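Heads up: the structure comes next, in structure tokens.
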Amino acid sequence: MFGFPTATLLDCHGRYAQNVAFFNVMTEAHHKYDHSEATGSSSWDIQNSFRREKLEQKSPDSKTLQEDSPGVRQRVYECQECGKSFRQKGSLTLHERIHTGQKPFECTHCGKSFRAKGNLVTHQRIHTGEKPYQCKECGKSFSQRGSLAVHERLHTGQKPYECAICQRSFRNQSNLAVHRRVHSGEKPYRCDQCGKAFSQKGSLIVHIRVHTGLKPYACTQCRKSFHTRGNCILHGKIHTGETPYLCGQCGKSFTQRGSLAVHQRSCSQRLTL
């Protein structure tokens, strides 16, 4: 079995393991080793021949070589701005655009730009209506794989994101982030008109309609319009006669939860008299 006389040569052997030229180098090495044994020579020129080989060509943005497993080393590319390291040059290039603000991939439909081509491809589905990711359970389709993954948790009941304060769980991380503001009191979304602040962006959007007068949700029965979809749905129950909120004390039902709450207070007072 072929052996290496020094640790340096063993290290070189590991570096050459993934190189196409390794086969030719080792063939020559075996020949020299056999020849030295036959002649009884104590000198071995393989070490010098290995040293003469150019084992690696370091790029300016390359860091040190980190060893993942014995004999195999991986080049690491480091961001000169923040020090974050990457195993692929392309990943570093993509990351650096965060610092430079460069967004070379532009949507031909609306002009919006993106740092990564993959993000542009996903965005363009807004314009094309393409939804390639379909739920096997209910058939609903999505433009993003991540959106499908979150949706599937409706069927599985999985809620992997838990609040550390109250242990309430959520299907996605963004909902958890919004929930945390209940505990922190943070309201980062502020109305430019009146200064009122909100914990959710959607709540601010709905609030702004109070100032603009915009009522985008119209009743299909009477064409009455509303600021929110929820209020429109609630109004629709007047036409359908649906009264899903039932008083447990007297059996009277209501179209709105708020109406039931008001009724229950007076109902309780009557029963205690």
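Any Cβ shown, glycine's included, is placed from N, Cα and C.
Across the zinc finger (77-99), the model assigns an average pLDDT of 93. Residues or ranges marked as zinc finger by Swiss-Prot on the basis of a large-scale study or a structure entry: 77-99 (among others).
Annotation comment: Swiss-Prot describes C79, C82, H95, H99 as Zn(2+) 1 binding site. Reduced to three states, the DSSP call for H95 (Zn(2+) 1 binding site) is helix. Within the same chain, residues at least six positions away from H95 (Zn(2+) 1 binding site) with a Cβ under 8 Å of its Cβ are C79, K84, F86.
Outside the zinc finger (105-127), and at least 6 residues removed from its termini, the chain residues within Cβ reach (under 8 Å) are 94, 97-98, 143-144. Residues or ranges marked as zinc finger by Swiss-Prot: 105-127 (among others).
Listed in sequence order, H127 are the same-chain residues six or more apart from C110 (Zn(2+) 2 binding site) with CB atoms under 8 A from its CB. The Zn(2+) 2 binding site annotation in Swiss-Prot covers C107, C110, H123, H127.
Secondary structure by DSSP for the zinc finger (133-155): 11 helix, 4 strand, 8 coil. Annotated zinc finger per Swiss-Prot: 133-155 (among others), in sequence order.
For Y161 (Zn(2+) 3 binding site), other Cβ atoms within 10 Å of its Cβ number 16. Swiss-Prot lists S141, Q144, G157, Y161 with the feature Zn(2+) 3 binding site.
Across the zinc finger (161-183), DSSP helix (H, G, I), strand (E, B) and coil residues number 11 helix, 4 strand, 8 coil. If you look up Swiss-Prot, you'll see 161-183 (among others) marked as zinc finger.
Here the zinc finger (189-211) has Cβ contacts under 8 Å with residues 178, 181-182, 227-228 of the same chain, all six or more residues outside its ends. The zinc finger feature in Swiss-Prot is assigned to 189-211 (among others).
What Swiss-Prot lists as Zn(2+) 4 binding site is F198, K201, L214, A218, and the listing cites a large-scale study or a structure entry. Taking a C-beta cut-off of under 8 Å and a sequence gap of six or more, A218 (Zn(2+) 4 binding site) has these contacts in its own chain: K224, S225, F226, C232.
The zinc finger annotation in Swiss-Prot covers 217-239 (among others).
Among the features that Swiss-Prot reports, zinc finger is placed at 245-267 (among others), with the record citing a large-scale study or a structure entry. Same-chain residues lying 6 or more positions outside the zinc finger (245-267) and placing a CB less than 8 Å from one of its CB atoms are 234, 237-238.
Just so you know, the Cβ of C267 (Zn(2+) 5 binding site) picks up 16 other Cβ atoms within 10 Å once every protein chain is counted. Among the features that Swiss-Prot reports, Zn(2+) 5 binding site is placed at C247, C250, H263, C267, with the record citing a large-scale study or a structure entry.
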If you count Cβ pairs under 8 Å, which stretch among 77-99, 161-183, 217-239 touches the zinc finger (133-155) the most?
161-183
Argmin Cα dist to S141 (Zn(2+) 3 binding site) over the binding-site residues C82, H99, K201, L214, C247 returns K201
Binding-site residues C107, H123, Q144, Y161, L214 vs H263 (Zn(2+) 5 binding site), shortest C-alpha separation belongs to L214
Cβ neighbours of H123 (Zn(2+) 2 binding site) where a neighbour is any other Cβ within 10 Å
18
